[in-house]
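Engineer: Before I ask anything, let me first share the structure, which is written out below as structure tokens.
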Number of protein chains: 2
Amino acid sequence: MNIVVQKFGGTSVRNLECMKQVLEKVMVPYEQGNKVIVVLSAMSGETNRLIALAKEWSKTPDLAEMDSLVSTGEQVSTALFTMLLKDKGIKARSLLGFQMPIKTNTAHSRARILDMGSDEIFSLLDKYDILVVAGFQGCTEEKRITTLGRGGSDTSAVAMAAAVNADVCEIYTDVPGVFTTDPNICSQARKLDTVSYDEMLEMASMGAKVLQIRSVEFAKKYNVKVHVRSTFSDEIGTFVTQEDKDMESVMVSGIAYDKDQARVTLAKVLDKPGVSATLFTPLAENGVLVDMIVQNPSRDGRTDMTFTIPRADLEITLEILDRIKDEMGAQEILYDQNVCKVSVIGVGMRNHSGVASKAFQALRDENINIMMISTSEIKITCLIEEKYTELAIRTLHNTFGLDKSGSVENML
Amino acid sequence: MNIVVQKFGGTSVRNLECMKQVLEKVMVPYEQGNKVIVVLSAMSGETNRLIALAKEWSKTPDLAEMDSLVSTGEQVSTALFTMLLKDKGIKARSLLGFQMPIKTNTAHSRARILDMGSDEIFSLLDKYDILVVAGFQGCTEEKRITTLGRGGSDTSAVAMAAAVNADVCEIYTDVPGVFTTDPNICSQARKLDTVSYDEMLEMASMGAKVLQIRSVEFAKKYNVKVHVRSTFSDEIGTFVTQEDKDMESVMVSGIAYDKDQARVTLAKVLDKPGVSATLFTPLAENGVLVDMIVQNPSRDGRTDMTFTIPRADLEITLEILDRIKDEMGAQEILYDQNVCKVSVIGVGMRNHSGVASKAFQALRDENINIMMISTSEIKITCLIEEKYTELAIRTLHNTFGLDKSGSVENML
């Protein structure tokens with residue numbers, strides 16, 4: 001049994017006309033004799049409408065009820081789309097999170113998939129040629145509805161593909177694929193033919209909105225071949241796959257950025273054991289996601305601790321710091337909202353030296369000051385002033401020859 | 001454990017303001033220490049919106065998908081209402097058809113409840129003080145969502161009350177109770193304090209919209225005390241209960257009517273065995289609900305067959321008759337859309353003679369011609385010209401003294 005999984009986002013199913021375009025996409029693998037699993041998001045705007053409704057009813061809506069509420073979005077889109085299939089005489093049915101079931105933990109609004117029940121899906125595929133699966137939703141052991149967080153339909157699709165060992169998991173979206181950088185900023189941005197799971201993870205964590213980060217983790221874990229492509233054309237998109245030799249021959253695959261950042265410094269902290277725990281434990285407890293952390297070598301028994309956080313969390317972070325600053329002996333709290341993270345990403349870095357220094361030089365040549373640096377095996381991230389974002393991206397894109405379609409060969 | 005079931009219709013939950021009124025109603029039995037099961041319909045207009053959407057997508061929407069679609073209406077209202085309860089710190093949760101589960105057969109769009117799982121409900125009532133149940137929906141053995149037909153939330157509520165042996169099943173609606181007749185037609189219509197299951201069944205089958213007919217059958221079967229009352233006042237409404245001695249002492253409880261009728265006559269049919277089957281089998285197969293049937297004694301081997309149907313089914317009925325009229329040897333097809341059924345209802349008829357003749361006389365005195373008559377143990381129905389509807393109702397209401405609040409005593 002050859003199985004193709006296709007996922008369509010909210011924009012792709014926003015009205016009847018768009019759903020008919022989706023229908024055409026679905027008919028392609030179906031008419032080739034494949035079984036097709038179609039994963040749908042809610043019609044665009046619907047999830048936001050439901051959230052707004054809940055906010056009218058309660059300032060802090062109960063999360064379990066919120067999940068029951070917003071999951072109706074996908075229930076509506078899957079029912080409507082299946083009606084189109086049934087009208088064509090196709091053996092099809094909609095499939096909700098509780099019906100499969102997609103078992104998750106009980107973390108409402110950001111649940112994690114625990115189990116998919118491959119046997120159940122295979123036995124449904126014996127009876128139906130097309131299954132229309134409600135993305136974004138799952139179900140706890142106690143049959144309560146959960147949701148997987150924003151963009152969770154990507155994860156639903158990849159998890160389905162993993163469960164049935166599908167040939168490919170096609171993620172249809174409103175862009176043609178994964179680009180070397182944001183085409184809105186850099187006109188020379190180029191669509192990538194392939195990108196590795198790790199590179200995609202780094203890009204997603206930097207705020208690239210093409211795929212939900214957990215879906216990429218899932219794809220990597222279960223080795224699902226993901227094909228990111230456009231609903232509105234027939235063009236081949238970008239394959240997200242296991243790393244191969246060719247990929248490693250390319251030093252840099254893309255430039256990512258994230259403007260949604262703020263930098264905070266706790267100045268002249270008493271440098272004694274446990275000081276990091278004192279600082280970061282209350283932040284974690286309040287759900288503040290700390291990213292880059294820099295601690296300077298101590299002088300005179302005091303040190304500066306600097307870190308970055310999502311800009312929306314600045315207020316609560318400052319409140320927390322104010323509470324603990326005396327305990328830490330800190331003499332000052334500094335912060336800056338006008339910052340941006342820019343990252344150079346590529347699995348090839350593992351085998352090529354000099355990527356970092358080349359990036360630093362390029363930024364220096366444009367007089368862009370680097371405020372913080374962090375590195376991973378396949379990524380170099382620099383925190384810079386926000387106003388230099390576009391300049392930095394274009395400069396780095398150019399420096400690593402990402403505009404050249406033959407860059408793979410160039411680097412060999 | 002004392003349990004109260006309360007059901008609120010779409011008008012009662014149509015927006016936040018109305019839901020807050022519902023909240024007050026729910027707090028009454030809760031604060032008296034009862035466990036409360038609240039059954040909600042979809043916010044008013046929502047079900048129609050979803051049906052219209054489906055009709056845009058497909059001329060003949062798949063019924064299973066339709067059920068999955070429209071059941072979201074109750075999923076939304078129950079989640080929102082539960083948020084209000086949680087905000088007050090009450091141990092509450094929403095409960096969907098598949099969660100209970102409310103097991104039904106597979107007749108999508110008009111499913112029948114098979115089983116309610118009392119044990120599951122009791123164990124939920126150990127953990128929660130208020131359960132907010134999505135009305136109108138159930139779930140098949142194979143976990144597909146079903147709906148119970150228009151007004152199905154009434155049946156959900158009565159079924160819940162039966163399953164947990166609730167003290168009372170309160171049906172909140174936008175009228176104060178069950179009336180002797182339609183107050184819009186007869187200003188002297190009076191709210192009834194009690195009405196028997198059988199009387200309510202006859203009234204519901206005549207188009208009284210207060211309760212879904214199946215909910216009354218359920219209430220009768222499981223002896224559930226139903227209290228029909230208004231969401232918008234504290235007034236006591238009407239109790240629908242088992243018949244008792246007092247009730248039988250009243251000859252007539254109410255006058256009902258149904259304008260949604262058409263009369264069809266197949267004239268001079270060859271009167272041979274099987275002729276009724278030839279006529280009514282194809283009608284039943286096409287879902288036409290035939291009500292009153294009259295067959296005159298045959299003359300010269302030929303007879304006239306007259307019956308009534310819902311007005312909306314007239315077109316298909318005439319098509320079917322046209323196909324079979326030769327087979328039946330019928331010489332003519334006659335029909336009339338301008339007719340109305342008027343019924344006199346009362347369990348007391350069993351013990352009192354003369355009700356029928358009294359009714360016929362009253363209509364004759366107003367020169368209202370009776371076209372067809374049918375009777376049951378507790379009902380006399382006359383088919384009359386539609387234009388006499390209001391006059392007939394007022395006349396009969398007056399004839400049987402229904403305007404007098406002391407009519408129970410009058411009849412003793």
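Glycine too: its Cβ is placed from the backbone N, Cα and C atoms.
Predicted automatically and left uncurated, TrEMBL annotations should be read as such.
Pasting the feature list from TrEMBL:
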type: BINDING; residues: B:Lys7, B:Phe8, B:Gly9, B:Gly10, B:Thr173, B:Asp174, B:Lys209, B:Val210; note: ATP binding site
type: BINDING; residues: B:Thr47, B:Glu74; note: substrate binding site
type: DOMAIN; residues: B:264-338; note: domain 'ACT'
type: DOMAIN; residues: B:344-412; note: domain 'ACT'
Engineer: Here the binding-site residues are B:Glu74, B:Asp174; which one has the lowest number of other Cβ atoms no more than 10 Å from its Cβ?
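Structural biologist: Counting other Cβ atoms within 10 Å of each of the binding-site residues B:Glu74, B:Asp174, the minimum falls on B:Asp174.
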Engineer: What mean pLDDT does the predicted model reach across the domain 'ACT' (B:264-338)?
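Structural biologist: Averaged over the domain 'ACT' (B:264-338), per-residue pLDDT gives 89.
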Engineer: Give me the sequence-ordered set of same-chain residues, not including B:Lys7, B:Phe8, B:Gly9, B:Gly10, B:Thr173, B:Asp174, B:Lys209, B:Val210, with a C-beta within 8 angstroms of the centroid of the ATP site's C-beta atoms.
Structural biologist: B:Thr11, B:Ser12, B:Ser41, B:Asp154, B:Ile171, B:Tyr172, B:Thr231
Engineer: Which one is it: of the binding-site residues B:Lys7, B:Lys209, which Cβ has the fewest other Cβ atoms within 10 Å in this structure?
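Structural biologist: Each of the binding-site residues B:Lys7, B:Lys209 was scored by Cβ atoms within 10 Å; lowest is B:Lys209.
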Engineer: Can you give me the same-chain residues 6 or more apart in sequence from B:Gly9 (ATP binding site) with a CB-CB distance under 8 Å?
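Structural biologist: Set apart from B:Gly9 (ATP binding site) by at least 6 residues yet with Cβ under 8 Å, we have B:Ser41, B:Ser44, B:Ser153, B:Tyr172, B:Thr173, B:Asp174, B:Thr231.
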Engineer: Measure between the Cα atoms of every pair in B:Lys7, B:Phe8, B:Gly9, B:Gly10, B:Thr173, B:Asp174, B:Lys209, B:Val210, the residues the record assigns to ATP, and report the largest value in Å, rounded to a whole number.
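Structural biologist: So the maximum pairwise Cα distance among the ATP binders is 15 Å.
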Engineer: According to DSSP, how is the domain 'ACT' (B:264-338) divided among helix, strand and coil residues?
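Structural biologist: Grouping H, G, I as helix and E, B as strand yields 29 helix, 27 strand, 19 coil.
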Engineer: I want to verify one value. Collapsing DSSP to three states, which class is B:Glu74 (substrate binding site)?
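Structural biologist: DSSP assigns B:Glu74 (substrate binding site) to helix.
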Engineer: Roughly how many angstrom lie between the C-alpha atoms of B:Lys7 (ATP binding site) and B:Glu74 (substrate binding site)?
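Structural biologist: B:Glu74 (substrate binding site) has its Cα 12 Å from the Cα of B:Lys7 (ATP binding site).
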Engineer: Output the one of B:Phe8, B:Gly10, B:Thr173, B:Val210 that, of all these binding-site residues, has the highest number of other Cβ atoms within 10 Å of its Cβ.
Structural biologist: B:Phe8
Engineer: When DSSP is mapped onto helix/strand/coil, what comes out for B:Gly9 (ATP binding site)?
Structural biologist: coil
Engineer: What number of additional C-beta atoms lies within 10 angstroms of the C-beta atom of B:Thr47 (substrate binding site)?
Structural biologist: 21
Engineer: What kind of secondary structure is B:Val210 (ATP binding site) part of, going by DSSP in three states?
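Structural biologist: DSSP call for B:Val210 (ATP binding site): coil, neither helix nor strand.
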